[in-house]
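S.K.: Got a structure for you, written out below as structure tokens; questions coming shortly.
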Amino acid sequence: MSDPEIRAIAHEVVFNSGGEPISATDIGELITRVTNELPHPDDVSRVSARLVAGGWPLADPHAGQPTYPDPDAVAASVARLRTLPPLVFAGECDELREKMAAVGRGEAFLLQGGDCAETFDGVTADNVRNKLRVLLQMSVVLTYAASVPVVKLGRLAGQYAKPRSSDLETRDGVTLPAYRGDAVNGFDFTPESRIPDPGRLLDVYHASAATLNLVRAFVTGGYADLRQVHTWNTDFVKTSAVGQRYEQMAAEIDRALSFMNAIGADPEELRRVDFHSSHEALLLEYEHAMTRTDSRTGAPYNVSGHFVWIGERTRQLDGAHVEYFRHLRNPIGVKLGPTASADDAIALARTLNPDNEPGRLTFITRFGAGRIRDGLPPVLEKVTAEGISVSWVCDPMHGNTFEASNGYKTRRFEDVIAEVQGFFDVHRAVGTWPGGILVEMTGDDVTECIGGGEELTEAGLAHRYESVVDPRLNRVQSLELAYLVAEMLRDA
């Protein structure tokens, strides 16, 4: 029996269990069905062990899931989620997979950005519009510099849960459960707020639906018109001391648009853009409940987002997240930090993308500015030598976080740029394509990351620090990043 056939049987058991634990009878029947066709009994044990380890809702010590006080309430929320319409469609996921295949071939560049952790209070028209506006501005600059399409992927409409290094948080001698994102509990440091509430899973669905609805309206209703976006960039260059450094590139884009206008070129692509959603698929109750079987192909898709990824803390090869992800047809990603070896990356690729399908798998590296030049080359070289089809994306945020002297969690803009530059330099040396960037950013003028053209200092962090988890680049820093990466792309 082939691996695809084994995976199909595994999918039947794991995904059609209706949210109930997989019984011993189910597992026994599965083993019976494959025993006569597998060449060796060890293979049966392997399949059985993976199903038991990853078959939801069996326990997994690496999963990092919250402990809910009321199992019946969890079951009720999951049951309700299973009845709700999809937030995205399988065909849209397929389109994104094709775009990611182009990224892997060096024919496109990925721009992925949004909040570290979305909040329910942040689901407003202004917040969504401002974030989308800056992402569109960044994409225009990158497209012109790279001379290839930019795949636009929002870190939004689902990024409501965060893994935490500790289950508890202590303030002034009081210890409470850690804040795990609005999907799990409240940010207020009170016993009532910090109790994990499965009803919030339904709030995630509705908040994500509202966000996606607004984004779709913006990108198809004229807000994303290339000429309008360029006007915003021109205003940034003229009115910002930071932006004036990039006046030459803005002028080049302006001349290109003027030429197109002069010859009467007005393609549909100038007036609307494709925009997809993504998030870390951390909470297995939610993600499993939002998994549907595609009526066209019978394949399983996560319909809570077009692109989902596994975090650095939950990428264990025998863990529940890898087991869940390997069944999905969505394009997927895996975070690789400084502890990831080349063998780890290869094993993940062979498990998550056994058919080596282009566009299926993205490795998102997060080494840190001081480690990228030493840590990435051995992984990149060995994965490339193995002929593995994968897109490479740089997350320059998570490896560069530190606590400022005044207690604020922050990042240096210069460290972010240094990691992206290191990412580009390593790929140039190996002869591979630096496929994209993933940044935590906002469209607002917050003060969370120090440095940059505005020269924000630690003392200025308190002025407008709004993030509930990790610091984000503000509007000006995000646009400055885009122009600097554009210069790197010209040299790539």
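Backbone N, Cα and C atoms are what each Cβ position is placed from, and that goes for glycine too.
Grabbed the feature section from TrEMBL, which reads as follows:
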- Cys116, His398, Glu440, Asp470: Mn(2+) binding site (BINDING)
- Arg155, Glu312, Arg313, Lys335, Arg366: phosphoenolpyruvate binding site (BINDING)
S.K.: If the phosphoenolpyruvate binders are Arg155, Glu312, Arg313, Lys335, Arg366 per the record, what's the largest distance between their Cα atoms, in Å?
M.R.: 18
S.K.: Excluding near sequence neighbours, so keeping only residues 6 or more apart in the same chain, what lies with its CB under 8 A of Asp470 (Mn(2+) binding site)?
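M.R.: Asp470 (Mn(2+) binding site) has long-range Cβ partners Cys116, Ala117, Met397, His398, Thr401, Lys409, Glu440.
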S.K.: On the three-state reduction of DSSP, what should I expect for Asp470 (Mn(2+) binding site)?
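M.R.: Going by the DSSP assignment, Asp470 (Mn(2+) binding site) belongs to neither helix nor strand, so it counts as coil.
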S.K.: Quiz question: given the binding-site residues Arg155, Arg313, Lys335, Arg366, His398, which has the greatest number of C-beta atoms lying within 10 angstroms of its own C-beta?
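M.R.: Selected residue: Arg155.
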S.K.: Counting across all protein chains present, how many other Cβ atoms fall within 10 Å of the Cβ of Glu312 (phosphoenolpyruvate binding site)?
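M.R.: The answer is 19.
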S.K.: Around the C-beta of Cys116 (Mn(2+) binding site), how many further C-beta atoms are within 10 angstroms, looking at every protein chain?
M.R.: 22
S.K.: Taking DSSP as the reference, which of helix, strand or coil describes Arg366 (phosphoenolpyruvate binding site)?
M.R.: coil
S.K.: Would you list, in sequence order, the residues of this chain other than Cys116, His398, Glu440, Asp470 that have their CB within 8 A of the centroid of the site's CB atoms, where the site is the one recorded for Mn(2+)?
M.R.: Ala117, Met397, Thr401, Ser467, Val469, Pro471, Arg472
S.K.: For Glu440 (Mn(2+) binding site), what is the tally of other C-beta atoms lying within 10 angstroms of its C-beta?
M.R.: 27
